[in-house]
């Protein structure tokens, strides 16, 4: 879908900002009614905050923008499959749809490593689309970690 590519490209730009700050390059964009309502990128080290993942930053920004923690009917674009913490946050924020690029075989919580996002006990289900610009999303991570080894 062309629209998914557009917003994922913006998430990749944010991931590049994270890399420039020596953070793991993950970017996220939250969209409602074709308008960006929140953006974020990993800032765990910069903010000394283990919860400052890209998804959390975007959801916090969107909540402030809408003055509401419930982000009903929104779509979250993120360059890497969310971890368990972020999957829980996505569910609690009532995000309607998640679109991500690269899978995360170690901590991916949408079924790759574990299933948190749409676990049977959750009362809110999130539509999930994976693999959007997956090659580019994976490349930025591989380049980042290769440079550090």
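The count begins at 1 with the first shown residue.
Each Cβ is built from the backbone N, Cα and C atoms, and glycine gets one as well.
For residue 55 (active site, proton donor), other Cβ atoms within 10 Å of its Cβ number 30. According to TrEMBL, the feature active site, proton donor maps to 55.
Look at TrEMBL and you will find 53, 83, 86 tagged as Zn(2+) binding site. Within the same chain, residues at least six positions away from residue 83 (Zn(2+) binding site) with a Cβ under 8 Å of its Cβ are 53, 104, 107, 108, 109.
The domain 'CMP/dCMP-type deaminase' annotation in TrEMBL covers 2-113.
Taking only the Cα positions, the spacing between residue 86 (Zn(2+) binding site) and residue 55 (active site, proton donor) is 6 angstrom. For the domain 'CMP/dCMP-type deaminase' (2-113), DSSP puts the residue distribution at 45 helix, 26 strand, 41 coil.
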